[in-house]
Amino acid sequence: MLLFGSIAVWAGLIALLASTVCYLAGAKQPALARAGRGLFFFTLLCIVAAAGTLGTLLVTHRFDSAYVFEHSARAMDPLYWFPSFWAGQEGSFLLWAFWTGIIGAALAVTSGPAERRVMPVFNVTLLFLISLLAIRSPFLPLDTHGMPAPTEGLGLNPNLENPWMVIHPPTLFLGFATLTVPFAFAIQALIWRDWDNWLKRALPWGLLGFSIMGLAMMMGGYWAYEMLGWGGFWAWDPVENGPFVPWMFLLGFIHAAQVNRVRGGLGRTLLAMGILPYVTALYETFLTRSGVLEKFSVHSFSTLGGVANNILLGGLLTALVVGFGLLIWRAKNVPTKPNQWDQPATREFAFLMSIVLFTLCAIISGVGMSAPLITGIAQKFDPSVHLASIHEDFYNKANFPIALLLAIGLGLGPHLAWRERGKANGDRLMWAYGGAVVLAVGFMVLSRTLGTPLFGFKLAVQVLLFTTSAFALIANALLLRQIKPAGQKHINVWTAGGALSHVGAALLLIGIVSLATFVQKDPNVLLVQGKPQSVLDGRYTMTYLGQTSDFNKDKHNALRFHVVSKDKREDFTALMPFAMRAIQGGEKKLFGHPAIVHHAGGDLYLSLKDGPDLFYKTPLFQPKIKLGGEAHVHGYTLKFVRFDRDPAAAAFVQQTGQMPDVFPVNGVVEVTYQGKTTTVSPQFVTHKDNPAMPDSPELPLPGGWLISFNGMNAGSADASNPNAGAMTEAGSFALREDSGPPAEAFQLEVSTRPMINLVWIGTMLLVLGGLLSMRRRMNEARVAASEPDVEAAAPKVPARGARAKRQPARVR
């Protein structure tokens, strides 16, 4: 099957090259263009075959495949075999190629006469992805160095075993695939001077990409909120900024399209905005896949390798140079109606400002996520320069003025008139002004009740953003009421996309500023089992009840907390799932998904910080004793004589070179108490399935004390390592008076997440508005597909040196 997958990739690559040649030759020979479409569909078939092969390898646990071994395991829930598909570099590129092929097939069928011109450009973008798959194949066999193939794989990062990881990456890569279509239409428009119809055909795809990428980023944000435990949904991580930057340029494209459609202006800006989303998506891919961000982002991959990195960089540079090279070459030929920007109280001015703000936000975020690359280049010239990334405070402060101005524009823009088409509706705006002021007063009163200083700078900034966002919300909600056909009482939802997206954006901003203002937090709450603890200034009383299973071995284990509100109206048990400690990347790491209690006004959020700790009723002594050395503890003299590995376990290691299921090591100690000497051998037991959580059973000593062996001291040979050599350093022991079993404790961060639901609702309305707008513009695209071809409607491209006659702008 590995060979079949490789053949499918290479066959798809050859077929795509042939398809591109046929499409290029088909400009004058329709039969060749039809052959180009057939070859493209064969390419798609090859991609589907390759994807099906990889899926089959994962489902059948073919651990002789390097990719399957590295990204899956039999012990995984079958649901998470899907994330294994795209968990690695190769699988994620195959997923991207799959979606690009699907989008390309739809494009070929629906683009009408433009198919012969747009598909060669589109093919080149897919060729880039398949070339990467040919170089970095997911179908390589595992190098076992002559040993039998393993029967178990390494599995996924535990944080990826989440339902959101089943749907978030496919949605994101579908969004990336849609960015190719506006790029391809913009390039073909520049080559063929298709000024009239390219936007009609490209705009629905741009709106689809806007909606899908917005949904994908929300899914990723919710995954972070539900899984990572830091309480937020967006940390301006360099990889989070990856899709955000193209999304900002896509918003610029959508708003420039509106000006061009209605007023005929911003022709060159529109083409640039059609090119930039795809180019910046490639740039984000280069940053995350080349290893540049490996030390700075939890989402980043390691480097692709020499040839693949060169293909990645080559694809980026080609798209950038060809796109903007053509734009510069054709700049004087692009028809555009000069707009008068000296009257700011017009809708076209509001659109222009929004495009500028989207671009500024994209640049700020793009430069921030490029900090590791920039400092890395600087380091080559000056070794004293340190690799660095930008802290999230930079993004928050730099983007605050942009968010403030966008909120104002969201409210004002739709109510302003196009030049020469009347005046703004001042009555509706006055209602919006008044409502925003009332809500702002309520915002300030609520802030004061939570103890926020009423005249602090931070609150003033938050009130300002809240007020402008509330103004935008009310202004667009009022606008929704007016969107209805003449003579009808009900709103025509198909024309409400823009206003609905604006309502969603306003709700999103209100949710963000409310979350930042009203959050309450206890960062270090120590909960001892069975002992009630007051949190959040007495708002809740929490008691740790215990575990549902075994913290050491069961990844389905959960921590149970009894929570009672101050007014006794809330009384419930919260579960913190996936509570365990495991080894990841060679290090012991604590895992525990946050416990989230949902309310209409926000969430109660419990995040695991440390544990488990053991609390004893009597002091715990932890001496470290060198081999042959002695320690004196509370009347006991302890001499560390030797350590003994279990003979059967040691023999298993010698025969197989692998760790046995259980590997006990005895620390032999001579104990002298009240003149009598006895020998005890407490054990340190390491488990193969979870070496991060060894067992240290306690043994009784004369005089009513207990002793346990906790392994060798850090920095020495490791008693838990079956391949360790001679141990000459200290062993770690623990002694305590026998006063009953210890109480278990965990350290938590307890916080509230007020108005967090507005973030999710606002994003969903943004997405829904984009889809409604897409449906509306699809009708225009169908009309464009039925219009005469540009070759028949436009003059031929002039010879080199001849001056092209400028086409008049079509004003609608």
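Yeah, the Cβs are placed from backbone N, Cα and C, and that goes for glycine too.
Automated prediction, rather than curation, is the source of TrEMBL annotations.
Record note: among 407-435, 552-580, 639-667, 784-812, 784-812 is the stretch given as region 'Disordered' by TrEMBL. Beyond its flanks by at least six residues, the transmembrane segment (6-26) meets 32-40, 42-43, 46-47, 49-50, 53, 115-116, 119-120, 123-124, 126-127, 130-131, 133-134, 137, 139 of its own chain at Cβ-Cβ distances under 8 Å. Residues 236, 238-239, 241-242, 244-245, 248-249, 251-252, 255-256, 258-259, 266, 269, 273, 276, 280, 283-284, 287, 292-293, 295-296, 339, 341, 343, 385-390, 394-395, 398-399, 402, 405-406, 409, 412-413, 416 of the same chain sit 6 or more residues outside the transmembrane segment (349-378) yet have a Cβ under 8 Å from a Cβ within it.
Listed by sequence, the residues of this chain that lie at least six past the ends of the transmembrane segment (269-287) yet keep a Cβ under 8 A from its Cβ atoms are 125, 176, 179-180, 182-183, 185-187, 189-190, 199, 202, 206, 209, 238-239, 241-243, 245-247, 249-250, 252-253, 256-257, 259-260, 293, 300, 312-313, 315-316, 319-320, 323-324, 327, 334, 355, 362, 366, 369-370, 372-373. Outside the transmembrane segment (398-418) by six or more residues, the chain places 262-263, 345-351, 353-354, 357, 360-361, 364-365, 368, 424-425, 428-429, 432, 461, 464-465, 468-469, 471-472, 474-476, 479, 498-499, 502, 505-506, 509 with a CB less than 8 A from a CB of the stretch. The stretch in closest packing with the transmembrane segment (172-191), judged by the count of Cβ pairs under 8 Å and taken from 38-59, 93-109, 244-262, is 93-109. Among residues of the same chain six or more beyond the transmembrane segment (307-329), those with a C-beta under 8 A of the stretch's C-beta atoms are 124-125, 128, 131-132, 135-136, 183, 186-187, 190-191, 268, 271-272, 275, 278-279, 282-283, 285-286, 289-290.
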